[in-house]
């Protein structure tokens, strides 16, 4: 038989183990409780987060709705403004269209009115023409009837109040001054062709190679190298000696000028002024149609009598700004300055003729303008000629010497004063002042010498005249003494 099993009872744990198991159980429960609390907190937090997210979404939706509403209102405002602008633009277009239609209607009415007037005028002209033709035909029939009847016939007399009025035009200044105009017959101004004049014009009588080639200067600049001004002037001298005696054979020539302009209407023109119109007419009848240098001369009367107005004064001093395009006369200088009186229009002033004017003009040519000016000033300061003329020239010479000494003293004193003032100045200024003072003193000495020479010559002429008069008196008185 088997031995009976021995019953075993669990051993009672010790107090230490019991307490450890109890603490373990407590920690487990605490962990379970913390897990339950954690699970419940997470769910609450998630719920709070969900509610917060929902609130945010609602707020965003509200904001979006408000923004959508604001944009819609702005769009409505813009649409209203655009509709208003479109309405105003439409009204303006309609108003402009109405105005244009009104203008077109007025223009059409004006055009129709003008067409109607033109038709009426044409009809009236046609009627007048028809009436004139009928009247003319009637007159012709009447004239034919009169001729058939054997009576004399003539053109009808014009009405008493009928006048042919020429359009009033201004005179051409260039033709009046130079006798030629660059427009010729196409000029819009009036050319008064003289029927008689003391001046004869021969167009293009003087020709040279240089004057013929002047038209080619624009296309051939080297053409001017084939001739010179000296050659042209020498040809003018030959021409002058060749033709002037022929003109002088007709009458007295008081002016002879040859134009050296390059303009076609002035090129080579020859101007000859006679003392009388009869001599000029004789020259015209003699030279017109004659041949010279292979060309037939075309002579005509020229209105030029004042050469100061015709001749370009700036060309004589080589300062003419227009050059070859100048419309005033550029003339060759006559040899020995012949006919210089006519250049100054001396023959036109009757009170300035005679030998006295010739002497004064020669003296004016010899003397400079500066000396002439100062001599005129001193002449004004001189006393009257009744008191200045003495029995002999001694007193005048003494007075002139006395004035010369006084002027010399004045100049010496002024020099001393000037030197005393200019000592403290620099050398450049003193040199410039001394040069100016020297030029003034030289001009004064020249005027003084000319005045002395004139006074001495006048005193000598007066003394000679008195001696001659005394001799005449003696010869007249000698028969009486006998």
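The backbone N, Cα and C atoms fix where each Cβ goes, glycine too.
Of 349, 478, the one with phosphoserine in Swiss-Prot is 349, while the others lack that note in the record, though it may still apply to them. Note on 29, 45, 359: Swiss-Prot annotates SUMO2 cross-link at 45; no matching annotation appears for the rest, which is not proof of its absence. The SUMO2 cross-link entry in Swiss-Prot, when matched to the candidates 17, 62, 90, corresponds to 62. Here residue 62 (SUMO2 cross-link) is positioned 25 angstrom away from residue 45 (SUMO2 cross-link), judged by their C-alpha atoms. Look at residue 62 (SUMO2 cross-link): DSSP puts it in a helix. Looking only at the domain 'RRM' (198-304), the predicted model's pLDDT averages out at 86.
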